[in-house]
């Protein structure tokens, strides 16, 4: 395969990996709220949505930071 073909394949794979699966769009969000913003380096992306986090954890957004966190519940 030529280098141009490899670059095209790599680009398509990158776009495919960034797309949210259609099957996950209709899922409800997990209960609870995200806790206060953590002290982390800028723009860390551990997850894309709640269903990419283990157990009860939620995918929490803090600016450009996305990470799996245990939810908090407010009464």
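Every residue, even glycine, has its Cβ placed from backbone N, Cα and C.
Going by Swiss-Prot, these are the annotated features:
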- 34-60: disulfide bond (DISULFID)
- 43-64: disulfide bond (DISULFID)
- 47-59: disulfide bond (DISULFID)
- 53-68: disulfide bond (DISULFID)
- 27-72: domain 'WAP' (DOMAIN)
- 1-24: signal peptide (SIGNAL)
Residue, out of the disulfide-bonded residues 34, 43, 59, 68, whose Cβ gathers the largest set of other Cβ atoms within 10 Å: 59
Secondary structure tally of the domain 'WAP' (27-72) (DSSP, helix then strand then coil): 3 helix, 13 strand, 30 coil
Pairwise CA distance, residue 68 (disulfide bond) versus residue 59 (disulfide bond), rounded so that it is a whole Å: 5
Whole-number Å value for how far residue 34 (disulfide bond) lies from residue 47 (disulfide bond) (Cα to Cα): 14
Which of 47, 53, 60, all disulfide-bonded residues, has a Cβ with the fewest other Cβ atoms inside 10 Å: 47
Residues near residue 64 (disulfide bond) in space but at least six apart in sequence (CB under 8 A): 42, 43, 45
Spatial separation of residue 53 (disulfide bond) from residue 59 (disulfide bond) - C-alpha basis, Å: 6
Cα-to-Cα gap, residue 34 (disulfide bond) vs residue 53 (disulfide bond), nearest whole Å: 13
